Amino acid sequence: MDIDLPSPAHILKSRQMQFVHLICLLIAILVQRKLTINNDPNLPTRETLLKRRRVREELLHNLSNGGQCHQLIRMSEQAFKKLFVILRRDGGLRPTQRMSVEEHVARFLHIVGNGLRNTFVSWMYRRLKSTTSRCFHKILRSVIALESLYIQQPQGDVVPKEIQEKNRFFPYFKNYVGAIDGTHVRVKVLNRDAPRYRGRKGYPTINVLAACSFDLKFTYVLTGWKGTASDSRILKNALNRDDKLVIPNGHYYLVDADLPHSTILMAAYRGVRYHLKEYSTRAPQNARELFNLRHASLRNAIERAFGVLKRRFPIIRIEDRDKDLEDENPIMNKQKHTVNTGKKSLLNWTELMDTAFVDAMSKPDVVALKTKKVARFEQMLVLFARDRASGENAETAKERNARFNNTTDIKIESISEVDSLLANNDVRLENQRVDDDEDDIQVVSPTPEQNSSAKKCKTKKRKLVDEVEKEVEPQPQPEPETFETKIMNAIGDVANAMREGNKIFERAYHHELTGDEIYQELQPMGLEAHEIPDALMYLARNQADARTLFTCPMNIRKDILKTMMGAGK
């Protein structure tokens with residue numbers, strides 16, 4: 001049966017109309033999107049955006065040229081400019097479309113230099129809190145990337161000038177390269193993990209082990225150990241890590257009484273006056289006291305280094321945070337200063353208590369208990385392993401940089417590990433928005449009913465996973481079609497129409513087979529050599545028969561070809 005095919009002019013006109021229809025739909029989408037954005041009450045106006053930009057420009061101007069740099073971020077203008085140049089050159093920091101490197105660094109210094117909260121800094125710079133958090137971690141990574149340039153372990157080939165230039169230290173301490181000590185930094189952890197972080201400070205902390213030279217420059221830093229871990233465990237781990245604490249052969253580090261005395265660590269005499277304030281009223285009486293006095297004078301370098309660091313960056317200073325908590329909680333402030341009247345009162349650990357504890361631990365009866373074998377220790381270790389401090393998250397800056405540069409080895413086995421990686425900005429979800437250019441979009445806070453529902457859903461989400469598989473979910477009600485949905489459906493209809501038009505066009509104007517194409521199709525059909533020229537000539541004259549033949553299965557083409565040629569004759 002013959003098929004009435006449309007004329008070429010009709011097909012061309014139909015395709016032109018389809019293209020016009022498609023263009024009109026695209027214009028309608030753009031107009032509708034523009035109207036939606038303009039009518040959205042949650043989005044800021046252009047005047048608001050310009051006002052926010054002027055606020056940020058004024059803040060950066062005051063830091064760079066206004067003479068208020070030291071008051072705002074506790075850093076001179078020259079140091080501030082030099083810092084963001086170094087971070088951009090050596091730390092890999094790059095500006096975004098709407099945020100410069102100067103603003104990145106300034107926001108970071110506002111947080112670490114003044115102890116400001118993320119919410120306040122976000123309001124001050126008129127940015128989203130999530131953007132401020134990403135900015136903070138971005139700068140933190142750039143600062144850690146500078147580790148190889150500024151943290152260098154001593155080689156021991158030069159006597160420190162702090163020892164060489166003072167007769168009371170030289171030549172007695174000429175082989176000492178620095179001092180080692182630990183400090184606690186307050187952290188916020190989950191309630192179930194808090195006991196392992198809460199040591200004698202009374203609140204969760206991490207124990208940071210650091211070594212510094214006598215000119216107050218840090219040479220090694222190991223962070224991440226939980227607050228209940230002892231300094232000796234952390235030091236033992238530091239000496240056996242991949243990025244380990246290196247002590248040159250024949251040289252020593254000065255340590256306090258909490259760390260063991262060994263061939264590479266020099267501790268003071270136990271049971272003898274040690275702290276500097278104990279010698280303020282009475283001079284040393286013997287050789288051991290004289291050694292302890294000079295030992296304490298040199299080892300005080302690590303204490304002063306910690307003091308300078310915490311005064312410079314209040315975000316890691318515990319004393320200020322304690323004061324803030326007392327101001328917010330008058331009950332805690334009252335209990336701290338009450339005398340023991342039958343109720344539990346807060347007790348601060350002092351250096352005198354440290355000395356008394358060390359003296360008690362050095363008694364012969366106590367020393368004998370240190371080497372006494374504990375029955376069923378391995379079973380007890382397994383039983384209480386969760387409550388025992390570990391160094392699973394401990395790492396140095398070099399190890400952290402290596403982890404940043406090699407993210408293919410991350411192994412995830414639980415939801416909690418994913419949450420931990422997201423909290424530390426170690427990974428990002430594929431659909432997580434990371435563009436800082438959308439900072440000016442305001443997010444409407446959910447209502448209390450929505451917050452309550454979200455919390456209930458979060459606590460029961462693991463149970464619902466198993467229950468949903470067993471229950472039959474009700475069919476959702478179809479939502480009314482929006483303008484955008486109608487447009488997308490219309491675009492799909494236009495695309496289908498264009499596809500059908502292409503098929504009709506191909507049927508109306510078939511491709512003309514060449515002699516070479518016909519010959520390539522005839523070769524695998526198994527024809528005799530003298531039969532191929534006749535078949536080629538026949539199919540070249542009858543293009544319709546050729547197209548029909550080459551769409552048939554290969555095993556019946558030879559018979560069909562002979563039938564066609566016989567009928568033609």
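Cβ coordinates are placed from backbone N, Cα and C, and glycine is handled just like the others.
In TrEMBL, the annotation region 'Disordered' applies to 433-461, one of the ranges 433-461, 462-490. Here the domain 'DUF8040' (63-144) is broken down by DSSP into helix, strand and coil counts: 58 helix, 0 strand, 24 coil.
Summarised by DSSP class, the composition of the domain 'DDE Tnp4' (180-317) is 45 helix, 31 strand, 62 coil.
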